[in-house]
């Protein structure tokens, strides 16, 4: 299958062009390089356009903080290639299939976000939305396939039926993300992701670092 061409007007394609694939375990607290080298790995100039508070960057999938989060830790998981809607994604019998890749990373990013946001709260009490919208009537604001991972902290007081409807469909009040707070949170998420990648390799025998920098990078590097 041919790699879809990026859209010049798409903000997510612009982000994908700035952030090349990076092995996620490079940010492990016990393995990562010094701060100067880390800064060189991920562009951190918030004046740069486009700028994203990056969590994950592979040849197929990126994850970064939503700039208008519904809750703290609201992360977008997007395809690197440009697909406007979910129906536009072809399915290949291959681990290189973008649909398979985004499906692989969604539970990983979910665990990472919940551990980072909820800390020592028991996993059985974690609550979060995974939301994906297609088309204007479905509230898709950016015409590029993306999933919202939205942590849901305890509701106080008890929610009304109307408020539960907003929660169910990933809606609510949105506030602009502060750059300094975003960078601090993104760093914590990257470190937690590195730990999760190591855990997956140890417990499940899957090397996500290898998949995050596989041979396809050579095919897309020319347009990064």
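Along the chain as shown, the residues are counted starting at 1.
Every residue gets a Cβ built from N, Cα and C, even glycine.
Note that the structure is a prediction, hence the values are computed from the model and not measured.
Among the ranges 144-148, 149-153, 154-158, the stretch that TrEMBL annotates as motif 'Histidine triad motif' is 144-148. Cross-referencing 27-48, 49-70 with TrEMBL places the feature region 'Disordered' at 27-48. Within its own chain, the motif 'Histidine triad motif' (144-148) has Cβ neighbours under 8 Å at 7, 10-13, 66, 70, 74-79, 82-86, 88-89, 102, 106, 129-132, 170, counting only residues six or more beyond its boundaries. The DSSP secondary structure for residue 146 (active site, tele-AMP-histidine intermediate) is strand.
Within 10 Å of the Cβ of residue 146 (active site, tele-AMP-histidine intermediate) there are 22 other Cβ atoms, across all protein chains.
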